[in-house]
Amino acid sequence: MARAKLKNSPSESNSHVKTVPPATTEDVRGVSPLLPARRMGSLGSDVGQRPHAEDFSMDSSFSQVQVEFYVNENTFKERLKLFFIKNQRSSLRIRLFNFSLKLLTCLLYIVRVLLDNPEEGIGCWECEKQNYTLFNQSTKINWSHIFWVDRKLPLWAVQVSIALISFLETMLLIYLSYKGNIWEQIFRISFILEMINTVPFIITIFWPPLRNLFIPVFLNCWLAKYALENMINDLHRAIQRTQSAMFNQVLILICTLLCLVFTGTCGIQHLERAGEKLSLFKSFYFCIVTFSTVGYGDVTPKIWPSQLLVVIMICVALVVLPLQFEELVYLWMERQKSGGNYSRHRAQTEKHVVLCVSSLKIDLLMDFLNEFYAHPRLQDYYVVILCPTEMDIQVRRVLQIPLWSQRVIYLQGSALKDQDLMRAKMDNGEACFILSSRNEVDRTAADHQTILRAWAVKDFAPNCPLYVQILKPENKFHVKFADHVVCEEECKYAMLALNCVCPATSTLITLLVHTSRGQEGQESPEQWQRMYGRCSGNEVYHIRMGDSKFFMEYEGKSFTYAAFHAHKKYGVCLIGIRREENKSILLNPGPRHIMAASDTCFYINITKEENSAFIFKQAEKQKKKGFAGRGTYDGPSRLPVHSIIASMGTVAMDLQNTECRPTNSSKLALPAENGSGNRRPSIAPVLELADTSSLLPCDLLSDQSEDEMTQSDEEGSAVVEYVKGYPPNSPYIGSSPTLCHLLPEKAPFCCLRLDKGCKHNSFEDAKAYGFKNKLIIVSAETAGNGLYNFIVPLRAYYRSRKELNPIVLLLDNKPEHHFLEAICCFPMVYYMEGTIDNLDSLLQCGIIYADNLVVVDKESTMSAEEDYMADAKTIVNVQTMFRLFPSLSIITELTHPSNMRFMQFRAKDSYSLALSKLEKKERENGSNLAFMFRLPFAAGRVFSISMLDTLLYQSFVKDYMITITRLLLGLDTTPGSGYLCAMKITEDDLWIRTYGRLFQKLCSSSAEIPIGIYRTESHMFATSEPHDIRAQSQISINVEDCEDTKDVKEHWGIKTGHHRNSCSSDQSEHPLLRRKSMQWARRLSRKGNKHSGKTAEWISQQRLSLYRRSERQELSELVKNRMKHLGLPTTGYDEMNDHQNTLSYVLINPPPDTRLELNDIVYLIRSDPLAHVANDGHSRKSSCSNKLGPCNPETRDETQL
């Protein structure tokens, strides 16, 4: 900045001059901090306005200097340039005016042609008109008709005025856009055309005889096209529209076609004035026929000038039009890739949701569309997919199906770009679903991308509801602002953990969160498939109690009373409520909760109440001797979805026989008979209001001394006391606090290692620890923070101390310090480094003492070059363990749900082939649960986290589903809310007979709500080949193994049962295949040194013996040899007990008349014991005087009844 120092003159000062303190030496070198900010004005609204002048005082002893900025823009040329070119609005007006002038000149030319009559004579202006008709008969071409036309004076005056304006405007624009090279401006096509159409008219002003001279004014159509292009560009720039390439190209193509046709029509018509004098319409007809390549030949030019023009026009069309079409096709293909735009008008008049994904796969797309459009009220919604990658072939093929092409719009773009969010009209969307890419190798990076997308959408459209899927639990707190968040690893590990204590919890939850009508498998000849498919249609619904026909009549009654009678009368299962003044959902709040009309009821049923029809029928009242009717509901109306509601039995019992039962008694024990010995067993009534003196069994937080004494008596040694509290160290931010069983003091890290002794203990294998309960082994690649959620549900406070299973983490990589810090407070939690493809690792971690082995999907194998190959290693390893340890319950997580058909694969099993056909049939029928009949899924042995994607989609309609699922999984604990558990039906419990009577028994005795049954049936899987008798007969167990088995069963408390032969004929029929299988299995273990010096005779005998043995014996021998090599006792390896000839499935909310069967496992929602402690002021002794249930705290939590 140049600075000057002038003497201070009072006469020069004025009120508009701003003074500042004198500048120092340092200020002269740089910009003074006192410089005022530059004021910017709108170019559109303040055209030509200049910033005001600023004055700076350089020194107090000198005069002030006024400095004016942007003086270069104050010149006359700059002001004109600003008005004609730079300013968007004014330049748009100028171009619109210019475009109108060009169209007007073309219109005037048409008027001149229509008024022109060559037969009246032609010639110069004010000259005598001469008729050249006779002369022209001797010559073929009348050139005078080409050079001279008849132009009326008013028409000439208007054309001259327009030409003069156009000429002046062109000269002005040439002057303003001059950049040093005048020839570049002169030789432009637009300038040459402008001169041809304007200069001759200006000349006629000064030379009147030339006023009838022909001037090709019709060429102004090309100038109008050029002006229109510029005008559209200015318009898009003014309205900030950037995605206009396709529109511009289509407009250019249409204008080019129109200009070619108009130029050809006018040119041919004028040249034919010297021939047969074609009319303007006939010339237009000829051009259309010619350009459409039809060429009828009824109208043709007769003279060579017009013929030459036709040739020229065709050549121009052959050059120009292909270029235009090529550009249009290219833009069309690009638009097909990018998806175009979702118009603002559609966004304001239609409802749409936006799906943001990093990469769109066909499975994810179909899961979303099937689940989203399964709800009737969402049929009119549109789905806008915003994805940064190009649409793959499979997705493109699906989106071309009419069912989806009318409702799904694919946009290629990024959620981090506001212009792409604008294209998707995110601010008008009903919801935005942001899904993470779970198949990425770096799942943390995938979460980071999801977080940025969520932030970008929240910043752009703060009022749009957000539904976010996150992978890692430690990243969840970054998106807490979202309306609904599903953390994949939290749900996955909690579900896998509950699968170990409540079998097939993963199947139960998956069926609940999938929308189905219960029509799957109804045409199957198998009874279990029809019943399983029918019950799979049950979902969770909600209704306000005051508006409900199901629950309205139970206002003022207890929750337990309402649940039982609603199930008895309508077949619906009431599982929870939400108070109007409280936003928390309570699962089974217990009999203390009194139902109010404002409560929101959550229930399980085939369909919601609003879609149900009620058929009321008057039934005969049952009259039984000695039965009081207080607990019986006389209204027999029910939903038509249940064919028969069985008799609920008696509801009265003698209260004098309800004293406290012994500790080892079952809560479903047969009531003592009174009076006549042939009297039917009775069940206690479900009370309308809770009796505070006889509510529930003793709470779990009381009588710890008794619990400890019982444990001490069993072990005969000192027992480490457990305390109940909240884990002191959470591995990540945002984990829900859960009351758990904890160690009084944290275990040292060295004690957490299972296979290595330390100074605190010398145990090096699971056998040495002498655990009372079976192990739960978890195989994972790394000890991620999500694994913490596997431990917490298994150590929750409501689980009895007797039922706590030791947990062994089999990790590929060593866990980090912070993870060990988080788990060291939990009892009986250990880890070990190893993999499931190493037999030694499996044996050292105690697999033969385990009931459940959980195989977690590895992050490093989630992506594969070939689709669906990510699970190959896991499937093969699990199949190996299935062969080696047939009695083990293996729960496997897969990346792709379609691969579950390979679990426990039997190539020659005709029954599995029949199930495969059933799955294909259900998929063709459009079922969302086509995979449900696969035996591993039905039994809860396989799970894929992608099955829970529908949980997020369902939350759009059912905003409570995520909360209920987290409560069922034990991820969240709400005071007063119950928890999911299971109980097993034994022979002593079969007197109850039906599920409806079981519902009454549980509601009346312990206020538990059953929601389903896990049923296991024996089934013979027929093979396609005859059985090998040798394989079935050559099974022997030596005396030593029997003694070892007996010893381990006495020590581990295992109940012996009937064993089945699990050998299959197809495996034993081919010894070569068995030998290959043996070699493959041996590669899993570390072999010792081979012994030498054995004789050939001994080798031949061993080979003959190996040939005669079955595969089962070979694998058993392999396992025992490795155990001996590792120094492990071979006791406990039961080679006979397996589950290969059984099938299991889940029945959600079965009808009340469903018969109970032996070994059924009933899913229960048990009320929160802490709620009763908080609400009841009675002592533990008064709680133990329960008249309707057992008094021992352990009895209430036993799963074995």
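Cβ coordinates are placed from backbone N, Cα and C, and glycine is handled just like the others.
Per Swiss-Prot, the N-linked glycosylation site annotation among the candidates Asn98, Asn131, Asn142, Asn605 falls on Asn131. Your range for intramembrane segment, going by Swiss-Prot and the list 280-300, 868-888, 931-951, 952-972, is 280-300.
Annotated K(+) 2-binding residues in Swiss-Prot are Gly770, Ser779, Leu810, Asp812, Asp857, and among Gly734, Gly757, Gly834, Gly846 the one listed with them is Gly834. The feature transmembrane segment, as given by Swiss-Prot for the ranges 185-206, 493-514, sits at 185-206.
Counting residues of the topological domain 'Extracellular' (207-216) by DSSP class, helix then strand then coil, yields 5 helix, 1 strand, 4 coil. In the three-state DSSP scheme, Ser779 (K(+) 2 binding site) is classed as strand. For His760 (Zn(2+) binding site), applying a Cβ distance below 8 Å and a minimum sequence separation of six or more within one chain yields Pro748, Cys750, Cys751. Taking the C-alpha positions, the distance from Asp857 (K(+) 2 binding site) to Leu511 (Na(+) 1 binding site) comes to 21 Å. Distances between the Cα of Ser536 (Na(+) 1 binding site) and those of the binding-site residues Gly770, Ser779, Asp812 are shortest for Ser779.
Away from its own ends, the transmembrane segment (305-326) comes close to residues 141, 146, 249, 252-253, 256-257, 260, 263-264, 267-268, 271-272, 274-275, 287, 290-291 of its chain (Cβ-Cβ under 8 Å, at least six residues beyond either end). With every protein chain in view, the residue among the binding-site residues Leu511, Cys758 whose Cβ has the most Cβ partners within 10 Å turns out to be Leu511. Residues Cys750, Cys751, Cys758, His760 make up the record's Zn(2+) site, and a Cβ search at 8 Å around their centroid adds Ala747, Pro748, Phe749, Leu752, Arg753, Gly757, Lys759, Asn761 from the same chain. A distance of 23 Å separates the Cα atom of Ser779 (K(+) 2 binding site) from that of Cys758 (Zn(2+) binding site). For Asp857 (K(+) 2 binding site), the number of other Cβ atoms no farther than 10 Å from its own Cβ, over all displayed protein chains, is 22.
For Asn538 (Na(+) 1 binding site), the same-chain residues lying six or more positions away in sequence with a CB closer than 8 A to its CB are Leu511, Leu512, Gly518, Cys573, Ile604, Asn605, Ile606, Ile1148, Asn1149.
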